[in-house]
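What TrEMBL says about this one:
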DOMAIN    157-225  domain 'Copper resistance protein D'
TRANSMEM  34-52  transmembrane segment
TRANSMEM  78-111  transmembrane segment
TRANSMEM  131-150  transmembrane segment
TRANSMEM  162-180  transmembrane segment
TRANSMEM  200-217  transmembrane segment
TRANSMEM  272-292  transmembrane segment
Amino acid sequence: MSRLLLLTGLALLLGGGAARRLLAAGEVNPVRLRWLLLGWALLFLGAGLSVYQPLRELGLLAPADVLDYLTGVGAGRAALLLLLCATLFLLVEVWHWPALMLVGLGGWALWGLAGIGHGGIHGGTVRGLHALHAGAMSIWVGGLAALLRWPAPSRRAAAQRFSPIAAGCVALLTLTGLGMGLNHIPTLDALRQSEYGQTLLLKLLAFAGVLAAAGWVRRSLMRDWALLRTSEESARMYSASPNPAFSSPRSARKNSLGIQTIFRSRMTQEKLAALWPELLLLALVLLLTARLGGLPLVHGV
């Protein structure tokens, strides 16, 4: 549960912050600060549980024991780093400070998160892979959730800005996932027979479903954008027509707006619904990732 809270909180805080900075482009921003605040709260709850659970099993719940864990144990220091950077990340976004500060704080928050799970018991390279994996997933989930709330008139531009970002997230998830898989699972037999390996296979299947859904949505959006461009060209033809009914600027503008409204309405109704399967499959990937973080590694490290 703590791992799921951490990943969900990270998607809302870091993913929401990235969407606010990368997709809005000066427009009215539909990603409200309450998204980031909710993510921050979930991170605190998840980090608190990650500290409480091992201490409860050991019967060490005195304030001095908690302080010793937070300052003397790697997982405790990682949780403390995560919460500190998450808090500063939220404050920087509230105060509209430079985006470079968000990048730095987000990176350190991811480093802290990676130190709580399996990444914390390996060297810096594997921990870095865990951090990059979580960051790519957070930005993808946060950006997709933001598109679902984007106003229809500017959704096309926001989706076009998000498309290369999502592609980069997919590439990073694939590379880091491959690196972690090779480190955590020594043989194909272990992949098939261990609970960790079976859960990983389910995650890969869900990830393939996400890619299929994303490809379908992208093709559908490209088709609608082509129709919208056709409608704009038709409107310009109407405005240049010798027919008096279409020759006045007011009439041409009316026809242009009417045609574009039809297609934008269609995009609003159909494409908004089309994004839901992708987001739900991503939520399943997030759930399986959290599950993997709580399973023992195959090689017993």
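Glycine residues also receive a Cβ, built from the backbone N, Cα and C atoms like all the rest.
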Other parts of the chain folded back onto the transmembrane segment (78-111), taken as Cβ under 8 Å at six or more residues beyond its ends: 6, 9-10, 13-14, 17-18, 20-21, 33, 36-37, 39-40, 43-44, 47, 50-51, 70-71, 120, 127-128, 131-132, 134-135
Positions on the same chain near the transmembrane segment (34-52), where near means CB under 8 A and six or more residues out: 1-6, 8-17, 20, 61, 66, 69-70, 75-76, 79, 82-83, 86-87, 90, 93, 116
Beyond the flanks of the transmembrane segment (162-180) by at least 6 residues, Cβ under 8 Å: 18-19, 22-23, 126, 129-130, 132-133, 135-137, 139-140, 143-144, 147, 207, 211, 214, 218
Number of helical, extended and coil residues in the domain 'Copper resistance protein D' (157-225), per DSSP: 65 helix, 0 strand, 4 coil
Within the predicted model, mean pLDDT of the domain 'Copper resistance protein D' (157-225): 86
